[in-house]
Amino acid sequence: MVNEQSPLIPHSTGSSTLEHSQNRQRELAGLLCMALSALGFSTMSLFVKLSGASFPSFEIVFARSIVQLVLGLIGCHFLGVHPLGNPKVRPWLVFRGLVGSLGLALFFYSITQLPLADATVIFFLGPMFTAILAAIVLGESFTLFDGICSVMCLVGVVLVSKPEFLFGNGDDDVAGNGEASWTRIIAILCSLLGAVMSAFAYCTVRKIGRGASYMVHVVYFGAISCIISPIGMWFQGSIMPSGVKEYSSLLLVGVTAFIGQCLLNQGLQMAPAGPGTLMRMNDVVFAFLFGIFILHEYPDVYSVSGASLIVLMTTALGLHKWWSHRR
């Protein structure tokens, strides 16, 4: 109640302004974390590409998994979290680790066979598959706008993949011979399937919700990858690293991935989902920059156009979902 003893300026004004400023700083810090996580994941992809010149893809997955498992267990210890998590959600944690591991293996294979930017941008279709899967499994809405964005994403995939029946065989990188062309097609399909697996993993994480610490997810992901990757190594073969350079490249795959995951998790907790979606575009930007300036992989106009279309449509899809939930 307001009376003559009430202050002319409410005391809450200063505190609310301070709270707003703190929230603003928190959101900006979250966006910075997400941008740095994109740099971490892109750096991981770069080391995967460099390691792929010496090691089969499943061996790279195995190396990353060991590092991730060890760092995850250390993280659980410092956070005081049981590494196996809540017994009620352990089946979901196993499933999340399984689909995540399969998606990772498929993505790593595509990186070793495709230009870094092409593999990254196709794997970037994960949000589109997540929206479709969430509508089917979690009962979330899937609007006409979502459908249009999804169709345009597929057009972007066609531009990036450049199938011969549409584009001919004028691109030396695509169709130098029949075997190289089939290798590219298989790698593109692997990247697409990897994006589908990542969508399953993301929906499972949402299903688990706050039932498990993020470090528990890291432990399950690393442990199950350590089990699955030797099966792939049995088919692909393995090569023993020789020298500090090769050991370092494999180690850095795991370390940069772990840093990227931690920063992403922190960013998701601090930043608004909509602007955070924009930060995810940096994955593709860094992939193109690394490809051009370090790997000397120069994209043609079709790859750039397709990548731009996929990034714009997946970003629009994420922003639309965010805005719909806010209303």
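Placed from the backbone N, Cα and C atoms, the Cβ positions cover glycine too.
Unlike curated entries, TrEMBL annotations are predicted automatically.
Under the heading transmembrane segment, TrEMBL lists 28-48 (among others).
Positions annotated as domain 'EamA' by TrEMBL: 29-161 (among others).
If you look up TrEMBL, you'll see 60-81 (among others) marked as transmembrane segment. Residues 44, 48, 51-52, 101, 104-105, 108, 112, 213, 215-216, 218-219, 221-223, 225-226, 228-230, 232-233, 250-251, 253-255, 257-258, 262 of the same chain lie 6 or more positions beyond the ends of the transmembrane segment (60-81) yet place their CB under 8 Å from a CB of it.
Residues annotated as transmembrane segment in TrEMBL: 93-111 (among others).
The transmembrane segment annotation in TrEMBL covers 117-137 (among others). Listed as Cβ neighbours of the transmembrane segment (117-137) (distance under 8 Å, sequence separation of 6 or more from its ends, same chain) are residues 42, 45, 107, 110-111, 146, 149-150, 153, 156-157, 160-161, 187-188, 191-192, 194-196, 198-200, 202-203, 206, 277, 280, 283-284, 287-288, 291, 297, 299, 303, 306-307, 310-311, 313-314, 317-318, 321.
Annotated transmembrane segment per TrEMBL: 144-161 (among others), in sequence order. Long-range contacts of the transmembrane segment (144-161) within the same chain: residues 118, 121-122, 125, 128, 131-132, 135, 184-185, 188, 192, 302-303, 305-310, 313-314, 316-317, 320-321, each at least 6 residues beyond the stretch ends and with a Cβ under 8 Å from a Cβ of the stretch.
Annotated transmembrane segment per TrEMBL: 181-202 (among others), in sequence order.
Under the heading domain 'EamA', TrEMBL lists 186-312 (among others). Note: the domain 'EamA' (186-312) comprises 107 helix, 0 strand, 20 coil (DSSP; helix = H, G, I, strand = E, B).
TrEMBL lists 214-235 (among others) with the feature transmembrane segment. Listed by sequence, the residues of this chain that lie at least six past the ends of the transmembrane segment (214-235) yet keep a Cβ under 8 A from its Cβ atoms are 56-59, 61-62, 64-73, 75-76, 79, 81-85, 93-94, 96-98, 100-102, 104-105, 205, 258, 261, 265.
Positions annotated as transmembrane segment by TrEMBL: 247-265 (among others).
Among the features that TrEMBL reports, transmembrane segment is placed at 277-295 (among others).
Per TrEMBL, transmembrane segment is recorded for 301-319 (among others).
Using DSSP to sort the residues of the domain 'EamA' (29-161) gives these counts of helix, strand and coil: 111 helix, 0 strand, 22 coil. With pairs at least 6 apart in sequence, the transmembrane segment (181-202) and the transmembrane segment (28-48) have fewer than 3 Cβ pairs within the 8 Å limit; the two do not touch. Contact counts against the transmembrane segment (181-202), taken as Cβ pairs under 8 Å, peak for 93-111 among the stretches 93-111, 247-265, 277-295.
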